[in-house]
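Features as listed in Swiss-Prot:
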- Asn16: site 'Discriminates between blocked and unblocked aminoacyl-tRNA' (SITE)
- Tyr21, Tyr72, Asn74, Asn120: tRNA binding site (BINDING)
- His26: active site, proton acceptor (ACT_SITE)
- Asp99: site 'Stabilizes the basic form of H active site to accept a proton' (SITE)
Amino acid sequence: MAGREGHFRLIAGLGNPGSKYAGTRHNAGFWLVDELVRRYGGELREEPKFRGDCARVLIDGYDCRLVKPMTYMNHSGQAVGALANFFKIPPEAILVAHDEIDLPPGSVRLKRGGGHGGHNGLRHIQSTLGTPDFARLRLGVGHPGHKDQVVPHVLSRPSPDELRQLERAIDDAADQIPRLLAGEWDRACQQLHA
């Protein structure tokens, strides 16, 4: 598969493997990767050396690798780091899609670099890469209201209304991936943050 090198060469969607976690808010990043595979005709394959399910797709002529780490959220950096090292992908060319409790359900925000905000998947990726200089695609799943309820909240399934909002957000995010690969960050932000 030959394609142009896009601004982002690796898109990682974070989540937890296994049927116990399928459909939970914490797996929003997995859902985005699944949507990109569906849209662009890829096939996710288990890649033990990369610690995840991986696909390679052409998106508007841009060659892009997708990964769903199968290491559980707290060790997501193992998959992202392995792919980045093997394919010589710098942190600036990595986009990480993840659930975000500080955004309401259905909202999407792009962010370059920054802290992990308490998100263990981001924390591990940042530690593995040795830098926070990767981009994030934040998929809002809402906050439960109290910090003691955060873990049960993200590890549970959204309500039917929240699920519809989250699915719409994932569609909106997937619509902007070609722009992001083309380096049109500001335009994608305008569309998603409006």
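Using N, Cα and C of the backbone, Cβ positions are placed for all residues, glycine too.
Shown here: features listed in Swiss-Prot, placed on the structure.
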{"residue": "Asn16", "record": "site 'Discriminates between blocked and unblocked aminoacyl-tRNA'", "DSSP (3 states)": "coil"}
{"residue": "Tyr21", "record": "tRNA binding site", "DSSP (3 states)": "coil"}
{"residue": "His26", "record": "active site, proton acceptor", "DSSP (3 states)": "helix"}
{"residue": "Tyr72", "record": "tRNA binding site", "DSSP (3 states)": "coil"}
{"residue": "Asp99", "record": "site 'Stabilizes the basic form of H active site to accept a proton'", "DSSP (3 states)": "strand"}
{"residue": "Asn120", "record": "tRNA binding site", "DSSP (3 states)": "helix"}
Quick one: of His26, Tyr72, Asn120, which recorded positions lie within 10 angstroms of Asp99 (site 'Stabilizes the basic form of H active site to accept a proton'), measuring between C-alpha atoms? Sequence order, please.
His26
What's the number of neighbouring CB atoms sitting within 10 A of the CB on Tyr21 (tRNA binding site)?
18
Cβ distance under 8 Å to Asn16 (site 'Discriminates between blocked and unblocked aminoacyl-tRNA'), same chain, sequence separation 6 or more: which residues?
Thr24, His26, Asn27, Tyr72, Met73
At 10 angstroms around each C-beta, which of the binding-site residues Asn74, Asn120 has the fewest other C-beta atoms nearby?
Asn74
Residues Tyr21, Tyr72, Asn74, Asn120 [recorded tRNA binders]: greatest CA to CA distance in Å:
16
